[in-house]
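Pulled from TrEMBL:
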| type | residues | note |
| --- | --- | --- |
| BINDING | Asp26, Ser41, Asp71 | Mg(2+) 4 binding site |
| BINDING | Asp26, Asp71, Asp207 | Mg(2+) 3 binding site |
| BINDING | Thr42, Asp43, Asp118 | Mg(2+) 1 binding site |
| BINDING | Asp43, Asp71 | Mg(2+) 2 binding site |
| BINDING | His50, Asp258, Phe314 | substrate binding site |
| BINDING | Gly117, Asp118, Arg142, Ser209 | ATP binding site |
| BINDING | Asp210 | Mg(2+) 5 binding site |
| DOMAIN | 24-134 | domain 'PurM-like N-terminal' |
| DOMAIN | 147-299 | domain 'PurM-like C-terminal' |
Amino acid sequence: MHSEFDLIRRFFTHPAPGTVLGVGDDAALMRAAPGHELAVSTDMLVGGQHFFLDTDPEKLGHKALAVNLSDMAAMGARPRWALLALALPEPDEAWLSAFARGFMALAAEFHVDLVGGDTTRGPLSLCVTVLGEVPEGKALRRDGAREGDDVWVSGSVGDAALALAHLKRQAVLEPADAAWCLSRLDAPTPRVALGVALRGIAHAAIDVSDGLAADLGHILERSKVGAIVELSRLPRSAVLERLADRKLATTCMLAGGDDYELLFTAPAGVRQVIEDLGREQGLRVTRIGRVTAGAGLTVLGEDGAPMVLERTGFDHFR
Ligand code: ADP
Ligand code: MG
């Protein structure tokens, strides 16, 4: 059996080129670039609650960091540093090694240094904190949407929720389709480059973690505006498009979480700029509606009539 210090040294000590002092001292030392603000976000994942206890640890490592990087993307911040607090029932080396592999691979891809954390015995749970940088005053906040803005979303929505429905046997998918949806659920891609590029262009942004309707609702509430979104415009994967159960498809797109796409508003004058950005980045960006005066979200169904957004739509995922 290895000591806690051994485990930290073996699995969580890596070069930290963007850091003054990383893992190993009483605290890490970092220096923010001049003229920048620090964006800080933390997320707690409890085993059995937020993920199945038998989840593939490599995928879990990826996802634990990915959801935090997605928060940075939604702020228009560039992620730089991460901290990882872990509680483990026992020091399972195979588990830790796979978890660290998933976590560190994504960290390397985004040039994020793991600068510290805590490792303790306890029911499996993890807490990741990410720090990022954004030029002063340029963060994409939830409270900046204005009447007349377009509402945009990146990528496609509903795939992760469809994967969850598949796991719960509420949807029947071909194996290849299921694999695609599961990859969206297990290995979301944080839209960091898009978030950074939207500084000074978007008025407000959020990442889709709870579901498009709920997350857009957060922007509307914070910005004290309303919005109209057209269901027929929502970007969907081929798998969702050919799903026979259209009610489930709609629920996945509007109420399904875990997509980690960026949902943002921007003035009509920058439509072309945003289209060009999407093309440059090879990432679909879709205009799905507009911001209005008033409050609350109105979704127009396929027939053009306002839909009743039932709370029951969310029950699929409970
Ligand atoms: P302390 O008792 O001072 O909190 P620890 O023994 O908890 O120190 O941690 C020693 C060093 O290892 C610290 O730099 C801490 O940030 C780091 N560390 C501990 N656990 C992790 C982890 N899971 N991932 C990254 N760094 C960690
Ligand atoms: Mg400690």
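Heads up, the Cβ atoms here are built off N, Cα and C, so glycines get one too.
Predicted automatically and left uncurated, TrEMBL annotations should be read as such.
Location within the structure of each feature annotated in TrEMBL.
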| residue | record | Cβ contacts under 8 Å, 6 or more apart |
| --- | --- | --- |
| Asp26 | Mg(2+) 4 binding site | none |
| Ser41 | Mg(2+) 4 binding site | Asn68, Asp71, Met72, Met75, Thr129, Val130 |
| Thr42 | Mg(2+) 1 binding site | Asn68, Cys127, Val128, Thr129, Val130 |
| Asp43 | Mg(2+) 1 binding site | Ala64, Val67, Asn68, Asp71, Cys127, Val128 |
| Asp118 | Mg(2+) 1 binding site | Ala85, Leu86 |
| Arg142 | ATP binding site | Ala204, Ala205, Ile206, His218, Ile219, Arg222, Ser223 |
| Ser209 | ATP binding site | Val67, Ser70, Asp215, Gly257, Asp258, Asp259, Tyr260 |
| Asp210 | Mg(2+) 5 binding site | Gly257 |
DSSP-wise, what's the residue breakdown of the domain 'PurM-like N-terminal' (24-134) into helix, strand and coil?
36 helix, 45 strand, 30 coil
Among binding-site residues Ser41, His50, Gly117, Arg142, Asp207, Ser209, close to ligand 1 by Cβ (under 6 Å) are Gly117
Checking the binding-site residues Asp26, His50, Gly117, Asp207, Ser209, Asp258: which ones have Cβ within under 6 Å of ligand 2?
none
Neighbourhood of Asp207 (Mg(2+) 3 binding site) by C-beta distance under 8 A, where only residues 6 or more apart in the same chain count
Ser70, Asp71, Ala73, Ala74, Arg191, Asp215, Tyr260, Glu261, Leu262, Leu263
I need the neighbours of the Mg(2+) 1 site defined by Thr42, Asp43, Asp118. Which other residues of that chain put their C-beta within 8 angstroms of the C-beta centroid, in sequence order?
Met44, Leu83, Leu84, Ala85, Leu126, Cys127, Val128, Thr129
If you draw a 10 Å sphere on the Cβ of His50 (substrate binding site), how many other Cβ atoms land inside?
16
Using DSSP and three states only, what is Ser209 (ATP binding site)?
coil
Winner by Cβ contact number (other Cβ atoms within 10 Å) across the binding-site residues Asp71, Asp258:
Asp71
Need one number for the ATP-binding residues Gly117, Asp118, Arg142, Ser209: the maximum pairwise CA distance in Å, whole number please.
31
Asp258 (substrate binding site) -> DSSP, reduced to three states, gives coil
